[in-house]
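Written out below as structure tokens is the structure these notes cover.
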């Protein structure tokens, strides 16, 4: 898009400098080889990340499908490049080796598809593209791979009536093989984003910092600048584990899910920096998962007195979780929101055996004495959870 449509100078120059004259986008097809793609290894990394679901980009805006779609003749991963059904391989590994829900991203429109461009020229009064390409593909991936998340994207500024999104969704929720388990997002035509859908995405990298009245998802990238793999990325371009824990905690406390994007390589690898970040998040969740999984937003999301403290609520056992992202130098943590009651309230540092001492402040608020621990004794790094029971 930047190279061929917008003709942005850095992209045009990059192609001129690194590829032969006359090289077209289609010439990338055979270069996408996936020879090191090991779906079992991917599944193991995904499981280690502590994620509960995974969404694979089955087709992006350029129309290349990662399965042998009969509606994308000679422009798919089975006919071209890897000569493998990458969707099937990953679906099988994820289902055999993990408890993750398997989802698929699918772009409705395609930047340069002549049928779509013709419909757009006709101000979407004709519907050649959705009827011959986009919708048949959607029915195909649902029937063939039974994904439990359909992550739709790329409305091409066309209304949902052009895409017949409601017709597809009615089938999906009433008659499809995943009708009882599937969830969908909100990108089904111009004007539907953040308005209709099982969960709202609102925009890329959406993190409002306050509670939303509807389930939502923060869909963001570990590489700050890209959704794909960049050979020229610098270390600075990647979010640190501290950044990621912060994103996760803020998102969940405000009622959202986090969808963290990684860009694999053309030869099928998850780059080690992405693997490390995923495993670090998993290590953090191993300790603090109770404050994340199955939680609901509390009556406030972040603390009024101490910044960088975010709350979640565990409805099962009535615990309030206060997640703090920096360990106070003083050894005491003051929270302005919880109302503690003598003889009833208990405070526990997740991953540490003994109960913590605390004193209540006036109307509301509590000061908690944190244990004096050496770095080796800390239950985890990057953020810690206090579980409060018996709180008003």
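We count from 1, first residue shown onward.
Cβ from N, Cα, C; glycine included.
Per TrEMBL, these features apply:
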DOMAIN    1-290  domain 'Glycoside hydrolase family 29 N-terminal'
SITE      219  site 'May be important for catalysis'
DOMAIN    301-389  domain 'Alpha-L-fucosidase C-terminal'
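Same-chain residues at least 6 positions away in sequence with a Cβ under 8 Å from that of residue 219 (site 'May be important for catalysis') are, in sequence order, 201, 204, 205, 206, 259, 261. According to DSSP, the secondary structure content of the domain 'Alpha-L-fucosidase C-terminal' (301-389) in residues is 0 helix, 36 strand, 53 coil.
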